[in-house]
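This report refers to the structure that appears directly beneath it.
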Amino acid sequence: MKALLLRDLRLAIRAGGGFGLGLAFFLIVVVLVPFGVGPNADLLSIIAPGILWVAALLAALLSLDRIFALDFEDGSLGLLATSPLPLESVSVIKALAHWITTGLPLCFAAPVLGFLLHLSPDAYAYLILSLLIGTPGLSMIGTFGAALTVGLRRGGLLLSLLVLPLYVPTLIMGADAVRRGADGMAATTPLMLLGVITLGSIAVLPFATAAALRVNLR
Amino acid sequence: MSLWEYANPKKFMDWTAPVLPWVAGSAALCLSVGLIWGFFFTPDDFRQGSTVKIIYLHVPAALMAINAWLMMLVASLIWLVRRHHVSALAAKAAAPVGITMTLIALATGALWGSPIWGTYWEWDPRLTSFLILFLFYLGYMALWSAIEDPDTAADLTSILCLVGSIFAILSRYAAQFWSQGLHQGASLSLDKEKNVSDVFWQPLVITMIGFGLLFLALVLLRTRTEIRMRRIKALHARARRA
Amino acid sequence: MPDLGTYAFEILMSYGISLGLLGALICVSILQSKRVKAALQQVENNG
């Protein structure tokens with residue numbers, strides 16, 4: 001398992017692995033928003049939690065189709081399926097690798113971009129915390145979507161159509177936690193519900209992911 | 001003789017052929033009676049005026065939109081567990097019907113909301129859940145049409161339907177948490193029978209039965225089409241091998 | 001025709017949209033069914 005994780009991480013960091021791509025995309029989306037809505041600081045600080053979360057979501061979406069596609073093409077996914085490691089564990093490892101390469105950097109980049117959007121000072125802790133809790137769930141859900149579409153040649157667009165509705169609960173809770181934090185209210189409830197969604201996804205989706213992979217490898 | 005024998009494609013074609021016209025006919029009957037009764041012969045509501053007439057489309061469509069997804073969920077489970085091809089095809093056949101019902105519910109809801117709530121659209125939990133349901137239907141249908149091998153498509157869409165159901169329910173409660181609703185709860189509800197007077201309730205029941213029968217008829221018809229398409233494919237494949 | 005009052009537009013629109021959508025769905029389903037049925041007959045007769 002560890003070997004697989006290290007291999008995936010190394011592949012992602014190597015040139016062409018798209019390691020920095022998600023992060024750059026996140027940066028650009030967030031920077032584009034003020035151009036769209038105008039430089040009004042009050043308005044920006046109101047919509048900042050939502051923008052940061054939506055941008056994080058899109059950035060996480062960007063690199064999803066890489067999770068299985070390359071392994072599927074060169075046949076190493078088939079090897080993994082016949083290895084003693086169950087496919088359920090493989091999918092968890094894949095999701096973890098995706099999270100380390102995209103989710104985790106996002107958590108640390110988000111506060112910096114918060115400055116640009118005049119995010120209220122109280123909200124930073126909640127922003128980092130909610131992203132830390134929420135993004136593993138996003139990676140797991142995305143891995144499931146990637147497993148569904150791995151056999152398709154043009155899976156990318158379909159993948160986003162399938163995965164984005166699944167992201168809704170996470171987005172609602174995550175952005176709500178930050179918004180409550182910004183308003184100085186207690187944000188424990190949305191944070192806990194966010195944790196529920198993430199943990200639930202990690203508990204259930206590996207089985208669905210593995211099932212989808214087995215179908216696609218048939 | 002077990003219930004499952006009806007799921008044999010040949011058997012399914014045999015027993016649905018005589019049943020389908022009856023289902024379709026009674027659907028047409030119920031719908032015309034219910035809608036004409038509702039449209040022409042019901043009084044205006046004292047609070048909503050004549051907009052109450054929209055209820056005869058909105059409520060049954062919303063009901064069927066959810067029930068269609070439930071039916072797809074059950075059919076997907078049957079496919080995954082017992083691998084009856086008809087079941088998978090029925091789920092595929094139901095999706096376009098379900099998405100149409102969702103659209104009707106959204107459109108009539110928006111038109112009803114504009115005079116009563118003063119807005120066509122409001123990010124209210126129920127409206128939002130329906131929008132999300134619409135997206136789920138879209139994704140489901142897109143996945144069906146994207147995969148060529150029918151068995152793979154059936155498997156993957158079934159898995160998506162199961163996972164999607166969980167997330168649809170999650171989204172519904174998340175949306176409730178996220179925004180306090182404008183939509184009627186129990187206090188003002190038109191959906192709850194205890195609050196609707198018989199004048200409105202009777203035609204509504206008839207239209208609900210009508211929408212149900214219409215859904216059934218359409219699913220049967222579309223499933224028959226899907227079975228025939230599958231057969232054409234099989235015959236072509238056989239011809240190519242010969 | 002009942003008196004719809006000020007809301008005539010909304011009500012007629014909802015009935016129009018709904019019946020239009022349902023009608024379109026029914027037409028598409030029936031047409032598709034007919035087409036496939038004919039195609040199947042053709043394939044079976046040839047083979």
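Cβ from N, Cα, C; glycine included.
As recorded in TrEMBL, the features of this protein are as follows:
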- A:12-37: transmembrane segment (TRANSMEM)
- A:43-64: transmembrane segment (TRANSMEM)
- A:96-117: transmembrane segment (TRANSMEM)
- A:123-150: transmembrane segment (TRANSMEM)
- A:157-178: transmembrane segment (TRANSMEM)
- A:190-213: transmembrane segment (TRANSMEM)
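If one looks beyond the transmembrane segment (A:123-150) by at least 6 residues along the same chain, the residues whose Cβ comes under 8 Å of a Cβ in the stretch are 48-49, 52-53, 56-57, 60-61, 64-65, 67-69, 72, 77, 91-92, 94-96, 98-99, 102-104, 106-108, 110-111, 114, 158-159, 162-163, 166-167, 170, 173-175, 177-182, 187, 190-191, 194-195, 197-199, 201-202, 205-206, 208-210, 212-213, 216. Taking residue pairs at least 6 apart in sequence, the transmembrane segment (A:96-117) and the transmembrane segment (A:157-178) share fewer than three C-beta contacts under 8 angstroms.
Remote same-chain partners of the transmembrane segment (A:190-213), defined as residues 6 or more beyond its termini with a Cβ less than 8 Å from a stretch Cβ, comprise 68, 77, 81, 86-92, 95, 126, 129-130, 133-134, 136-137, 140-141, 143-144, 147-148, 150, 169-170, 173-174, 176-177, 180.
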